[in-house]
Amino acid sequence: MNERHRYDPVAIWLHWLVAVLVLAQFATGWIWGFFERGSEPRFYLFRTHITLGSAILALALARIGWRLTHRAPPLPQGMSRLQRIAAHAGHGLLYLAILAQPALGLLAISAFGKTLGRWPRDLHNLGAKLILAIVMLHVAAVVWHQFIRRDGLLSRMLPSRLAVRT
Ligand code: HEM
Ligand code: HEM
């Protein structure tokens, strides 16, 4: 595959690192509720959620900085105008998600929480559902490109030794 049509290695590693951490956030956020209040696993999952979530915020800032200073490959040929708009809008929402969701999480646990009331928590919980829906659409789009359109889109975001040469 032509190097011009691939993401650069930094963009690729940041993408997968953040993707794995986001999945860990869903796991921890939804599993701690099964444990009793005050129990050790619940506390441990909560601590992990806060640590990994804060790492996502830092990585999101690095990622956006990198994206603004490095060119992304052009979308595959032959996509309609609507498909291009959907792809850009979806990616924009995912960037917004990895900034706004940790920010709401931090507001929810910070001292401000006392004066701000419940809204950061409520928005964070709503945000989790919205992000899950967007990530599912994102993965569905990749599957569509890979198996129906067969334009090798996934390879653009894989390290070159894993990418299928086309
Ligand atoms: C298993 C899950 C995932 C798969 C298979 C996947 C796959 C991909 C692929 C193949 C691209 C490249 C699209 C292109 O070439 O134009 C991409 C881009 C992107 N992905 Fe994912 N992704 C996953 C999860 C996530 C998650 C969890 C997030 C963030 C919450 C995310 C955020 C993004 C963003 C923001 C882009 C656009 C990159 C840019 O153009 O700057 N992805 N993803
Ligand atoms: C992209 C990053 C994050 C994702 C995807 C995420 C996801 C989630 C999910 C799925 C839940 C459970 C929601 C529910 O019960 O319905 C949750 C709850 C929570 N998260 Fe996060 N989270 C992220 C970052 C953070 C950060 C950085 C913090 C704190 C510094 C945080 C603090 C919390 C808190 C306090 C709750 C419990 C809210 C409540 O009491 O209802 N999260 N998060």
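Even glycines carry a Cβ here, placed using N, Cα and C.
Summarising the annotation, TrEMBL assigns domain 'Cytochrome b561 bacterial/Ni-hydrogenase' to 6-159. Summarised as a single figure, the pLDDT of the domain 'Cytochrome b561 bacterial/Ni-hydrogenase' (6-159) averages 95.
If you look up TrEMBL, you'll see 12-32 (among others) marked as transmembrane segment.
Annotation source TrEMBL lists transmembrane segment at 44-64 (among others).
Residues or ranges marked as transmembrane segment by TrEMBL: 85-110 (among others).
Through the fold, the transmembrane segment (130-148) approaches residues 22, 26, 76, 86-87, 90, 93-94, 97, 101, 154 of its own chain, all at least 6 residues removed from its boundaries and within a Cβ separation under 8 Å. For 130-148 (among others), the entry in TrEMBL reads transmembrane segment.
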